[in-house]
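Heads up, the thing below is written out as structure tokens.
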Number of protein chains: 2
Amino acid sequence: MSTEMRIVFIVSDGTGITAENFSQSILAQFEASFKHIRIPFVDSVDKAHDAVSSINQAFNKYGVQPIVFTTLVNTELNNIVAKANGLILDMFQTFVAPLEAALGLKSTHAMNRLHHNADTDAYKNRIEAINYSLAHDDGQSNQNLADADVILVGISRVGKTPTSLYLAMQYGLKAANYPLIPEDFERGQLPKDLVPFRQKIFGLMIDAERLSEIRNERRPGSNYAKLENCRYEINEATAMMKKQSIPWVLTTSKSIEEIATTVLQAIKSDKTILG
Amino acid sequence: MSTEMRIVFIVSDGTGITAENFSQSILAQFEASFKHIRIPFVDSVDKAHDAVSSINQAFNKYGVQPIVFTTLVNTELNNIVAKANGLILDMFQTFVAPLEAALGLKSTHAMNRLHHNADTDAYKNRIEAINYSLAHDDGQSNQNLADADVILVGISRVGKTPTSLYLAMQYGLKAANYPLIPEDFERGQLPKDLVPFRQKIFGLMIDAERLSEIRNERRPGSNYAKLENCRYEINEATAMMKKQSIPWVLTTSKSIEEIATTVLQAIKSDKTILG
């Protein structure tokens, strides 16, 4: 292992997924390599000591302090992990103290406060949204489009499916998606099932070079993947979106999260920011 | 709006999704209500001033400082937002300073360092994993099961689909899922296509009362939803998993993230923690 490579632990009493995502974002700011080790569900004294052992073992093995992001709400467990031989970055205590002061409230220090979401309406909505988005993936169903929160349209391989599923999974939105195909361009019309719902249609678009690359991985050497054909489909889709006043986002070098966030901003732009 | 309700802003130069998830986790520690407003893509002086206006407007409207989580890597933009009339909780600067000291490196302060992931192999793997998991949802395909990273099994409505999609979306894992149905129980055998892959099968299980409730929402009053039938299927599935030495997790009051994390821990338990 090079000296530039650092071990990063995420120690959490929950899943630690959010803390891991955060540590990846902030460490992307450094020109170094990191290996992430997430230790979830640290909800007992024994597990806290196990986490300390893993951290100290990494220190002994590599001779350099591991970086340790912690999100432990229980003070006793937090104090145990704080003694590990690492650079401890305490995401919980760091922000809880100023929040307690500002809110004039003590935090509950109760673990798994979000965990109980499994029984809430928000959770049920999320599962329902996932099922809806799956059933309405790639124009599979024209039923119940009135229930959709958003209908994504675009040509093949532009990112409709992952974006729909992400919107459902992260935000509990019923996101349908519908392909635009050469037949639609020949008719010069949106697929007719979509016409009544134009207000909630949002387009995804992509650069021709990138699209050709993606399609070539899937069907090498096909007409479908040819740059010329990609250009044709993109031009036609763009013309249709302009004609129908459908807003769209360019997905070329965007992550799923960035595309989803852009769609969300557009959906919500009608609403006042402070409702 | 009650005095217990506080406005929470998330101001980010990226999507702000991670910071929003974090703020929800930490604020769940307080017995109060919060309204989250995410302001993403704050990557210019103008947008930073717009964010400040929104925060100050909320202060003027409600007469109490909004809570503001920021993740802005650009110092100039960060300084602008820091002057807003809110309780500023700076997730970036708070941790970058100790990291710079520990790593002996300056951070790049470059925005969107993770953004370029859209062109990396990790990103391609993620999209491929989502496509794989969709094609292998609910036993739809027996093809290429050898490529699966994990195969989830369980009776209907136990959480297989959302867990598979989450594992694909968040971790780029090819997660197939396969239903266990009464015919399997009558034969007393795993579906035969799964037999060669027993080592990567993981079970999901649920309490009968909860399952009956979930199934009743879907098909009210059906035999499928009856508590007695749910008990029968659960007993048979449990017996099969025991007989085949398949590990399983109880999903009853777990979130998708918690189920996915438990599956991941099981998959990785064969590997040494420090590879």
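Just so you know, the numbers here start at 1 and follow the chain as drawn.
The backbone N, Cα and C atoms fix where each Cβ goes, glycine too.
Database features, via TrEMBL:
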- A:G154, A:I155, A:S156, A:R157, A:V158, A:G159, A:K160, A:T161: ADP binding site (BINDING)
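DSSP assigns A:G154 (ADP binding site) to a strand in the three-state reduction.
With an 8 Å limit on C-beta distances, the binding-site residues from A:I155, A:S156, A:V158, A:T161 that reach chain B are A:T161. The ADP site is set by A:G154, A:I155, A:S156, A:R157, A:V158, A:G159, A:K160, A:T161; from the centre of their CB atoms, other residues of the chain with a CB within 8 Å are A:N177, A:P179, A:L204, A:I206.
The Cβ of A:K160 (ADP binding site) lies under 8 Å from the Cβ of A:D138, A:L152, A:V153, A:G154, A:N177, A:Y178, A:P179, A:L204, each of these being in the same chain and 6 or more residues away along the sequence.
For the binding-site residues listed here (A:S156, A:T161), the lowest count of other CB atoms within 10 A around the CB belongs to A:S156. A:T161 (ADP binding site) falls within a helix when secondary structure is assigned with DSSP.
Neighbour counts were taken at the CB atom with a 10 A radius for the binding-site residues A:I155, A:V158; the maximum falls on A:V158.
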